[in-house]
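S.K.: Below you'll find the structure I mean.
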Amino acid sequence: MIKVDSLKHTFTIGKKGKENRVEVLKGINFNIESKEIVAIVGKSGSGKSTLLQILAGFLKADSGSIIINNTEIAHFSEKESAAFRMNHFGFVFQNFQLLPGQTVFENIELPLKLKGIRQPVRKKKVQEILKKVGLMEVEDHYPNELSGGQQQRVAIARAMITNPPIILADEPTGSLDSQTEQDILLLIQQLNKNEGITFVIITHDEEVASIANRKLRMSDGFLVGGTKYAF
Amino acid sequence: MLFKDQILFVLQHMKKNKLRVTMTVLATMIGCSFLIVLASIGFGIQETMRNEILNQEQITQIELWGNETLSDEDKTFIEKIEHVNVVLKKESINGYIHSKFEDREGDSNGVFIDMAAQKKLPTNLSEGRLPEAENEIIVGYHYAQSLFNETDNAEIERKSKAAQEQGSYYDGSEEGYKGEILNKTVELQFVDDATEEYSEPKPYTIVGILKKPSYDWYIDSSIMFSDTLKNAYPSITTSSTTLIYVDSLEHVLPVLDILKENNYQVYSQVEQLEELDLFFLIFKLGLVFIGTIAILIASIGIFNTMTMAVTERTREIGVLKAIGASPNLIQRLFLMESTFIGILGTILAIGVSYFISFLANAILPHIVSYALSDESIMEHDITFSIIPFSLIIIAGSISILVAIFSGWRPARKATKIQVINALRQEL
């Protein structure tokens, strides 16, 4: 499903004229199969977040290849990346990234709106998903009226509303207490099992990584451990 | 994203920033109304002057100049030109006509007219008919009013003195003959200006009275004779003018051209209208230019509002991009917002401009008349402001285009926002 080959990326940082080039990804190779939960673990600055951003198309790799469902996406334009994201990815972020001025219903509905789906269909789909993540009671609430766990459930619901084959999660439980963390991890496992969604989770938390079928460990821009290839 | 959803999305954001959006809409409204009202003054003054010219004389009339009397050959040539209906010779008598009627007397200008040609023209009489015999005349609308007896003269002198003391002027309009003058016989004498010699008094019957002049201030006490009478007074000198009447307004200029090509000295009010239109076209363009500056100033407000909107919504733009919104969609959403501001401001401006225009036309004549202490201004049909549909289209387009243009750069800025940087922004 996802095949990454020789992926390299360098950041240029510092004042103009005194720039420093920092090689963040130094040739990454791995693959991920459909319906897997893969955790990419590593310390801060190991390059795991950069890897996720390149997978998502937020950043462009300097070199290498990313093939997702037989499509090479590493050299996509911004417009092509956006269209590809809409159809293939859902996103879950550490700080939820919900739109504060929109209700739970409207936040979840947003990707469907972007896809140009009509209102009656949207309503039906959102209500189905609200049931799945257990948020029927709060559909008219605003994000700031919800707990951290509820907000992350909304974010997960938004990520899966368009039935994407892959959900990319960046520290999905980073802002949650341990009890809520367990709830969210359970939800991820259920969705993976019941809906067949592939999860790629970036985390530094070993407990979060423990729900994964495979772990990819990153250190200093390299994949240093774990099973790089699914068999 | 469906177009309907895009509109709802934009309206939702505008609603959230009600105060800022309202102030920007107001700024746009003021700019656009300034443009419309300013240009409407150009249209108003132009219309007033056009009407003034159109009222002055018949607009299908061409005046032929020249000291020499028009020869029969010339007359035939002109009459043969296509669209020329009538060639009318008028000979103004040098000197004046002294009238006696009952115990009243008065002096008037006199004109010999080719009555056969005059008959072909639409009637210029308020009552009666054109003369058919040499002893029949037609008189100006105010002829009877300018026949005074001694009582009238004394009264006029008294009223003039009183008016003079108050710093004004009395025109004698309350005196004069008040009865019916049509079909009455008056005794007329031709008076030579230079020698003050009076001709033999002869009776003439008034068979027609001219229409009231289009200007209220103009007193018409003239007398018109049939030109056949001229032979009976060979010593009378005249100044002749020839008027050529064309069938319709659009044929005046082609006929003028033919006459000019044949070396006739001709003049028509239509030429004056053309010059006037050109002058006002430039004048109105100048006003539109000044008004556009006001809109450009308002556009700075739109630019600010949209830049603020983009800055405030950076994280939201990041989220939208992350979940698949294309750069084009982001740009379109912001452009739609600035367009809405432009459209709202323009619609309000149109309403406000019509209101200001109405007020200006209702109040300004009073103010001007009061300021100049001249009540006659109120009698003139002066329009200070006219808003034609074309002005609404031009001003509306300028306003909306400027609004779109002001939102363009902030919208471009929104598309350049990096998802990662946007998502890192604090709540």
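Note that Cβ sites are derived from N, Cα and C of the backbone, with glycine treated the same way.
TrEMBL: automatically predicted annotations, no manual curation.
What TrEMBL shows for this protein is this:
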- B:21-45: transmembrane segment (TRANSMEM)
- B:23-232: domain 'MacB-like periplasmic core' (DOMAIN)
- B:278-303: transmembrane segment (TRANSMEM)
- B:289-418: domain 'ABC3 transporter permease C-terminal' (DOMAIN)
- B:340-364: transmembrane segment (TRANSMEM)
- B:384-408: transmembrane segment (TRANSMEM)
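Please situate the listed features within the shown structure.
M.R.: Mean pLDDT of the predicted structure over the domain 'MacB-like periplasmic core' (B:23-232): 86.
Listed as Cβ neighbours of the transmembrane segment (B:278-303) (distance under 8 Å, sequence separation of 6 or more from its ends, same chain) are residues 23-24, 27-28, 30-32, 34-36, 38-39, 41-43, 45-46, 49, 338, 341-342, 345, 394-395, 398-399, 402-403, 405-407, 409-410.
Broken down by DSSP into helix, strand and coil, the domain 'ABC3 transporter permease C-terminal' (B:289-418) contains 110 helix, 0 strand, 20 coil.
Long-range contacts of the transmembrane segment (B:340-364) within the same chain: residues 10-11, 14, 21, 24-33, 36-37, 40-41, 44, 298, 302, 305, 383-387, 392, 395-396, 399-404, 407, each at least 6 residues beyond the stretch ends and with a Cβ under 8 Å from a Cβ of the stretch.
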